[in-house]
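**Student:** This is the structure, below, for whatever I ask next.
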C-alpha cells in the first residue's frame, strides 16, 4: 500500500511549520468531536431527566411480560429482558446461518451455470441474477410473506407433500425426530464412521505419496457413512421415533413447525444474496486465466484434477473476500425480519423492549454493538486470512 | 555447441503426422490443408507473420484446438474426440507457452511434481527427485521452494520447460517461448532449448529467433495465411529462399 | 524465385457454422450438455406459460373497482386505480404539477452535463448542483407564493426519489472528506474517520433509522423538534457517507504516486492539490462505484416503512392491505418490483458502460 503523500510534508513554506500546523489541526478536530459529543450527551441528560427515564442497564433484569413467537431456548413471559435479548440474538443467528448456507448453495450453482457452455443454462442464470439483485430485499420478503405464505390455505386444506410435510397459513410442518432405543448406538456408529473416513483419507494420501497408488476415498467414505449407522440401527433398533404432524381439529399437532415469518425471510434473503454470490463466483472463476487450464491440460491432467488442483485454489482466493462481505450483508439484512414481525434482535430489542421500557439509548446501543461486533470480528478474520493466502509476488 | 547440436541422426519413426488438416474459427479458414510429417528426433522451427496459423498448428497437435478435417497422428495414436486418445497423447507431448502459465499458487517444485503425481501416479519422493533433476538441468534447483511470482521471466520460462520435461515427454512443443521475455533473458531460455535439442528430443518450435533456427533446426517451415508455403533445412532456407513471400518475410525479420 | 498461389478460403463444414453449428456448439455439444438443454427447456416451460397466462392472457385491464376483476388472472385495475397515489403519495391533487416540474427541471437541467461537446461542462455542472436543490425544495415544499405542502403529505415514488437523491447528494461531500481523512498522515484525523466509517458500515440501516427516529430527539435540545422525513434523511446521509468514503478511497488509492509528487513539485498546498489535481481524477474513476452505491441506496429507501414514511414501497403495501382491494398483494408487489427493477437495472447498465469506457480510457 502506498503511503499518502500529503501537502504539508512537501511544501516548503517558511511561515508555517507543517508539523505545528498538523498538531493544531488535529487538536482542533479532537476538540470539535469532544465538544459535539458533550453537547449531545448534555442534551440527552436533560431530556431524559425531564421525561423521568433513568438510564442504565438495570432494566435487563426486569421481567419482560410478553410472549415471543419463536424461541430457540426456553422462554416464558415472566423471563427477563436479558433473556429476551438472548432469544432475539439466537433468532438473528438462526436466520443468518440458514440464509448463508442456502445462499451459498444457490449462488455457487447459479454462478457456475452462468459460465456453462450451454447457452440456455447460462442465459437462465443471467436472468436469475439480473432479476433478483435489482429488487429490494424488503420487497422480496414482503412478497414471500404477504403474497405467498399469508395466502396459504388454512390447516385443513394444507398443501401436503406425502404424509409428512404440510404447508399452510400457520407455517411449514415437518416431521420431528426424537431419540429412541437405538439412538446412542446410531450416534456412536456415526462417530466411528466419520473417524474412519478421516483415517482412510489420511492413509490414502500417505500411500499415494509413497507409492503413487490411488484409493477410492470418496466411495469408501460414503459407504462407511451409510453402512455403519444402518448396521447400528439394525442391531440396536431404530434410532429415532418420528413425530409426524397430524391434523387434529383445526390445527396440526406434533412435528416441527417453521413459522411463515422464518420461511419468508430465509427464502427472500437466500435468493437475494445468492444473486450477488453468483456474480462473485463467476468473476472468481473467470479471474483464473485460460492459460492455467491450457497448461494443466497440456500436462495431461483430467478435468477433475484440473478443477480441484488448479482452478478452485486460485478462484477461491478471489472469491472469499467479497463472499465474506456478502455474508456480512446477509447478517445485517436479517434485521429486515423486523418488518414482518419475525422476532429477531432488532424486532425484539430495538422494537418491543424499547417501546415497553423507553430505554432508547440502551436498547439501540446494545443492538448496534451486536452487529458491530459481528462485522468487526469477521473483518479482522478476513484481513488475517487475506494476508495468509496472498500470492507471493516479487 | 553449434556443431554438437547439428550432428545427430534422425530416427526412422514418424512421431507426428498431419494429413490434409483444415480448421475454421467460425467462418474464418485458419488452417488450409496442412500436411506435415515429423520424424523422431527432428527439430522443426515454424515461422511466419502473426495470424498465419503456426500457433494453431502446434496447438492442434495436443488438441488444445480441435481440427475439423484431416488426420493428426501422434506417436501412432490418432487424435479424435476420444478422450482416452487425447489423454494418451498429452502425456507424451510437453508444451511450453508464451506466457509461461505456471501455477501461481504452487511452488516451483510443486509445479513440477503435480502432473507426474496425478497423471503418472508417481510416488511423491520419486516425483520430487525427477523434478529436482530437471530443475538442475535448466539450472535453477536453488529456486525450488519459491513461488513463480518471485522469479524473473527467464527463470519462470525455464521452470515451465522443466515442468513439461518432468512428464518425460517424447515430443516438446514451444509456442513463442521467448516473445514475452525481456531481451536480456532470451538467451538463458534459448540455451536451455539448445541443450534440450542436443539430448535428441523431438521439438516443434514456433519462434522468430532465427539464430536459434540456424543453430538447432533440421527444418524451417514458413507459414502464411494458414498454409505451409516453404520448408527447407535452415542453410537453404536462409541463403536461398525459393518463394517471394518467404524472402519478404525474412527481409522484414532480419533487417530491423 | 516463385510466387506462392494461395488456396481459396473454403466455407467451413456445415456442422460447425450457421444455425446448426450454433445449436451444436451451444446446446448439444455432448450428452451432458444436451441433458442440460432439456432441463432448461423444461424449467422455462414450467415457469413462463403460467406467468404469461396470469399476467397477460387472463388479466383484467380495465375497470374502477375490485368487482371489475372477474377473470382468473392478475387484477391490473388495482394498480391503475391507485397509480396516482403510488407516484405522488398524498401530495395535494391540485399541486402535483409541481412534482412533475421538479422532475422535468432535474432532467432538462442535467442534459447538458452529459453532452460531451458542451464547453465548460464542469462549471455548468457545479452551478447546477448548487442551484437545483434550492429550486427543488422550493417547488416541492412551497413558500414564496406557492402553497406549502407539509412533508407528511409527500409520498410514493416521489418520496423514494427524494430520499435517494438527497441521501446521495448529502453523502458525497461528507464521504469525500472522510476518505481524505482516512488517508491523512495525521493520526488523530485518521482515527476519527476510520471509527466513523467502520461504525456506520458495521450496523444495519434499519437500526440507524430506529436510532434517528427515537434517539435524535433525545440528542437535541427539547425546543427543537425535527420533521420525520428530515430525521430519515439525516440517518440515510450519515449511513451512505461511510460507503461513499470507501468508494472514494478506492479511487484515491488508484491515483499513481507520481501525481501527488508532481502536484507537490508545483508548490500546490494540500487543499489545492486535492481539489485541482487528485480529486478530479479520483472522482472520475469512482463514478461507477458511486452509481453502484446509489443503486444500493435506492433499494434501501424501502426500509423507511419501518419509521412510517410512505415511500413507493409503503404506499403500495398500504394499498394491498386496504379492505377495498384485499387479495391483490401479488399484483401490488409485482408492480413495485417492476418499478424498482427498471430503475436499478437501468442504472447498473449505465455503470457498467461507464466502467468499460474508463477501462479503455486507461489502456490508451
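The chain as shown is numbered from 1 upward.
Here the Cβ of each residue, glycine as well, is placed from N, Cα and C on the backbone.
Just so you know, TrEMBL annotations are computer predictions that nobody has curated.
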**Student:** Which one of C:11-31, C:32-52 shows up in TrEMBL as transmembrane segment?
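**Tutor:** In TrEMBL, the transmembrane segment feature sits at C:32-52.
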**Student:** Quick one: sort out which of C:97-115, C:230-248, C:249-267 is the transmembrane segment according to TrEMBL.
**Tutor:** C:97-115
**Student:** Between C:60-78, C:269-287, which stretch does TrEMBL give the note transmembrane segment?
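**Tutor:** So the range that TrEMBL calls transmembrane segment is C:269-287.
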**Student:** So, taking each listed stretch (C:122-141, C:269-287, C:325-347) in turn and counting its Cβ pairs to the transmembrane segment (C:294-313) that are under 8 angstroms, which one gives the highest count?
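**Tutor:** Per the Cβ count, the answer is C:325-347.
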**Student:** Which sequence positions outside the transmembrane segment (C:153-178), separated from its termini by at least 6 residues, show Cβ-Cβ distances below 8 Å to it?
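**Tutor:** Contacts with the transmembrane segment (C:153-178): 85-92, 99, 103, 129, 133, 140, 193, 196-197, 229, 232-233, 236-245, 247-248, 279, 283, 290, 293-294, 297-298, 301-302, 304, 309-315, 339.
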**Student:** Could you give the residue numbers and ranges of same-chain residues that sit at least 6 residues beyond the transmembrane segment (C:325-347) on either side and whose C-beta is under 8 angstroms from one of its C-beta atoms?
**Tutor:** 55, 66, 69, 74-76, 78-79, 81-82, 86, 157, 291, 294-295, 298-299, 302, 312-313, 316-317, 319
